[in-house]
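According to Swiss-Prot, the active site annotation covers His426, Asp430, on the basis of experimental evidence. The annotation compositional bias 'Pro residues' is assigned in Swiss-Prot to 174-195. Sequence annotations record features per position, and here Swiss-Prot assigns domain 'Lipoyl-binding' to 71-145 based on sequence analysis. Annotation comment: Swiss-Prot describes Ser82 as phosphoserine. Here Swiss-Prot flags Lys111 as N6-lipoyllysine, drawing on sequence analysis. Per Swiss-Prot, N6-acetyllysine is recorded for Lys155, Lys269, Lys274, Lys275, Lys279, Lys309.
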Amino acid sequence: MLSRSRCVSRAFSRSLSAFQKGNCPLGRRSLPGISLCQGPGYPDSRKIVISNSSVLNVRFFRTTAVCKDDVITVKTPAFAESVTEGDVRWEKAVGDTVAEDEVVCEIETDKTSVQVPSPANGVIEALLVPDGGKVEGGTPLFTLRKTGAAPAKAKPAEAPAAAAPKAEPAVSAVPPPPAASIPTQMPPVPSPPQPLTSKPVSAVKPTAAPPVAEPGAVKGLRAEHREKMNRMRQRIAQRLKEAQNTCAMLTTFNEIDMSNIQDMRARHKEAFLKKHNLKLGFMSAFVKASAFALQEQPVVNAVIDDTTKEVVYRDYIDISVAVATPRGLVVPVIRNVETMNYADIERTISELGEKARKNELAIEDMDGGTFTISNGGVFGSLFGTPIINPPQSAILGMHAIVDRPVAVGGKVEIRPMMYVALTYDHRLIDGREAVTFLRKIKAAVEDPRVLLLDL
C-alpha cells in the first residue's frame with residue numbers, strides 16, 4: 001500500500017511539472033483521462049482515472065518543518081552553594097504571549113525569590129513543572145516558541161459608525177395642550193382645626209419588635225483560614241530553632257546616651273547629603289562601632305565548627321543587617337566593614353534596603369556574615385533579646401530612642417537613651433568578653449572621637 005501511494009505521488013508530480021512547462025499535450029486545454037500507477041512493475045495495481053476536465057490553475061503546496069531553534073527550553077538558573085532547591089510559582093500559563101525579559105515564573109528559595117524571565121519574544125508552549133513544584137538548579141522549567149517581534153497590545157476595535165437617519169417630515173408626537181378653562185366655582189374654604197382626641201393607653205396597640213437574628217445565622221465572626229508557609233518562613237523557623245537547640249544563648253544589656261550622635265547628625269546631615277547624596281542615619285554609627293569592637297574582641301567574630309570541633313577565627317568583618325519585608329526577615333550582608341567609612345556604609349545600606357523592598361535581593365547578597373545587627377527600635381521596641389543568626393556567634397539588638405531622666409554629674413537630666421542587647425553563644429564567648437564588647441560599642445557611639453583616636 002505504501003509503494004502504491006509513493007507511485008501515485010511521483011506520477012502526479014511529474015504530470016504537474018509537465019503541465020507547468022507546457023510540454024504535455026494533456027495540459028493544453030482539456031484532459032481526456034490520466035492513468036496513474038499502471039505498469040508491469042505493479043501487477044496488482046488498479047487503474048486510477050481522472051475524469052475529463054479543464055485545467056484552469058495548478059497550485060503547489062508544501063509543508064514547512066518547524067525549526068528546532070524556534071522552540072527553546074528554559075531551565076532553572078544556578079543557585080548558590082547554600083541553596084539546593086526552590087518552589088515554583090507561575091506568573092504565566094500555556095499559550096500566553098511574552099516579551100523578552102518578561103517574568104514567567106518566580107522560584108522561592110530558603111533565602112530569597114529568584115525571577116525567571118523569558119529569554120526572547122514568543123509563546124509559552126508547555127510548563128514542565130507544576131505550580132508549587134520543587135526544582136533544582138538546571139531543571140527544565142518551560143518551553144518557548146520564539147516569534148519575531150514583541151507582542152503588541154491589542155487595539156480596541158473601532159465601533160462602526162451609526163447610519164445617518166433618513167430625513168423625514170417633522171411630525172408632532174405630542175398633541176397640543178387644551179386651552180385652560182376658567183373656573184366657575186369658588187374654591188372650598190378650609191375648616192378650622194379640631195382639638196386632638198386622646199385615646200386610653202390600653203387602646204394603643206404596641207408596635208411589634210423587629211425579629212432578633214439567631215446566633216447561628218451570623219456568619220464570619222469566628223471564622224479561620226489556613227495558609228501554607230512559604231519556603232522562606234519555613235527556613236527562618238528552622239534556623240531559629242536550630243540556633244536555640246545548638247547555641248548556649250545568653251544576653252547582656254546596656255544603655256547608650258544618644259545625645260552626641262544626635263548632635264553630630266543634626267550639625268552635619270545637610271553637608272553630608274550635599275557631598276554624598278545620602279542621608280546620615282544612626283545605623284552607620286552602630287555598624288562602624290560594631291566593626292571597631294569586633295577588631296578588639298575577635299572571639300565575637302569567630303564561630304564553632306561542630307563537625308571538626310574547632311574554632312574558626314575570621315580576619316574579615318561582614319555584618320548582616322536585618323531587614324523586615326512582607327515575605328519575612330532577610331539579612332543582607334555589608335562586607336569588609338572594617339575598610340569602610342560612614343558614607344560607604346550608608347550607601348551600601350541604602351542599596352541593599354532598596355533591593356529588599358523591591359524583592360530583588362540575590363542569594364549572594366545574603367550569603368555569609370560574621371555578625372548581625374537587628375534594629376527593633378524602628379517598630380517602637382523598647383527592650384528585647386534577639387536570637388543568634390547561625391552560623392554566627394553573636395547578635396546586637398538596637399531599640400527605640402526614648403527621653404529618660406538619667407544622672408549626669410550628680411544631677412538629673414533628660415537624655416535620649418537607647419537600650420541595647422547582645423545575645424552571644426556562651427559555649428565560645430565568656431561573659432567578660434561579651435560585656436567588654438558591648439561597652440566598646442557604647443563608647444564608640446556616645447563619642448565617635450574614640451574611633452578616630454583608636455581608643
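Each residue, glycine too, has its Cβ placed from N, Cα and C.
This view paints the features noted in Swiss-Prot onto the structure.
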| residue | record | contacts (Cβ under 8 Å, 6+ apart) |
| --- | --- | --- |
| Lys269 | N6-acetyllysine | Lys279, Leu280 |
| Lys274 | N6-acetyllysine | none |
| Lys275 | N6-acetyllysine | Ala343 |
| Lys309 | N6-acetyllysine | none |
| His426 | active site | Cys247, Ala248, Met249, Leu250 |
| Asp430 | active site | none |
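Per-residue confidence over the domain 'Lipoyl-binding' (71-145) averages out at a pLDDT of 85. When Cβ atoms from all protein chains are considered, those within 10 Å of Lys279 (N6-acetyllysine) total 12, not counting its own. Per DSSP, the domain 'Lipoyl-binding' (71-145) is made up of 0 helix, 37 strand, 38 coil.
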